[in-house]
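Annotation comment: TrEMBL describes 15-35, 47-72, 92-110, 122-140, 160-184, 213-235, 241-260, 267-287, 293-310 as transmembrane segment.
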Amino acid sequence: MSKATLKKVVSEPVFLVSVLTVALWIGSSLSISGFNTWSHNITFAQAAVYLGFMAVGQAIVVISGGFDLSIANVVTMASVVTSAMTQGGHSAGFAIGAALLLAIVVGVFNGAGVTFLRIPPMIMTLATMTIIDGSLLLATDGTPPFGVPPLVTFLAKGQFIPGIPNVLLIYAVFMCVAVTFMLSAKWGRRIYAMGTNERAAWLSGVRIFPMKFLIYVISSLCGGISGILLTGYIGSTYLTIGAPYMMFTVAATVMGGIAITGGKGNFAGVIAGTFLFIIIKDILQVIQMPQAGRELAQGLLILLMILLYGREKRQR
């Protein structure tokens, strides 16, 4: 490997984030009793993959030049709908299908607002976020349902392979599909082109409107999948189950080197950013830092990563 190639690899966000994640894990394993155990590592990985599903959806939107503030609320919606359908006596397949269908509807709604009405993505998805919250409160009267399909519990916590929860296998397959999608010339390259320069992408033949619809539908579906599986993992639902994840998806995306201005980043970085965020969150919880301190540290970390990316871009 040439010196120039090595320098390029080392300067990539995914490399830096991966090294930092491994360093934190090794340091925590040596200094915190019980940190490096099989059960703790599996719990850590499970926490990461639920965020990982959402981070992929957020990353696709951000790469295209948009932003999705509603994805965490889609998580809550999918969770509540899955439980409500089960409580109402419907099959697991019907409950899952209803949750995913509503997620698609939310994606279409966001896509329509951003494309046809030309509402800025942040404003449109903020409105959607509020609409979902209000609708769930109205539908449940503030009391969440309690049904969880056994199939969903099995998908989240069961084990096809002894010692490895099914959700980790589902996430691995999900990421293979996502990476293939983003590497394809027909879809992935067009999304990057839109994020780099939307007008230039349109002039080169990219159909902007259909692509934006697809992007927001994918983002909402990612939130829906995560919400369904999260319900099985927790064993119940509540009306704020997805609330923390709005900031978490932004953190994982930014830490993974996805440019908030669009057109740059990859899913390897998203995976690395997700695990980095979760391990930092995990360490702060283990050392019993107060909630206010944890949120302050997480916010400062996001700001630091944005500043570092901006500095790198200016140097280039």
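Backbone N, Cα and C atoms are what each Cβ position is placed from, and that goes for glycine too.
Within the chain, the transmembrane segment (293-310) has long-range Cβ neighbours (under 8 A, six or more residues past its boundaries) at 13, 247, 250-251, 254-255, 257, 259-260, 277, 280-281, 284-285. Proximity of distant same-chain residues to the transmembrane segment (213-235), defined by a Cβ-Cβ separation under 8 Å and at least 6 residues beyond the stretch ends, is recorded for 46, 50-51, 53-54, 56-58, 60-61, 64, 66, 68, 70-79, 82-83, 96, 99-100, 102-104, 106-108, 110-112, 114-115, 148-149, 152-157, 167, 170, 174, 187, 191, 241-242, 245. Same-chain residues lying 6 or more positions outside the transmembrane segment (241-260) and placing a CB less than 8 Å from one of its CB atoms are 12-14, 17, 51-52, 54-55, 57-59, 62-63, 67, 69, 71-77, 79-80, 129, 195, 223, 226-227, 230-231, 234, 266, 268-274, 276-277, 298-299, 301-302, 305-306, 309, 313.
The stretch from 15-35, 47-72, 122-140 that makes the most Cβ contacts under 8 Å with the transmembrane segment (160-184) is 47-72. Within the same chain, residues 67-74, 76-77, 80, 84, 106, 109-110, 113-114, 239, 246 sit at least 6 positions outside the transmembrane segment (122-140) and bring their C-beta atoms closer than 8 Å to a C-beta of that stretch.
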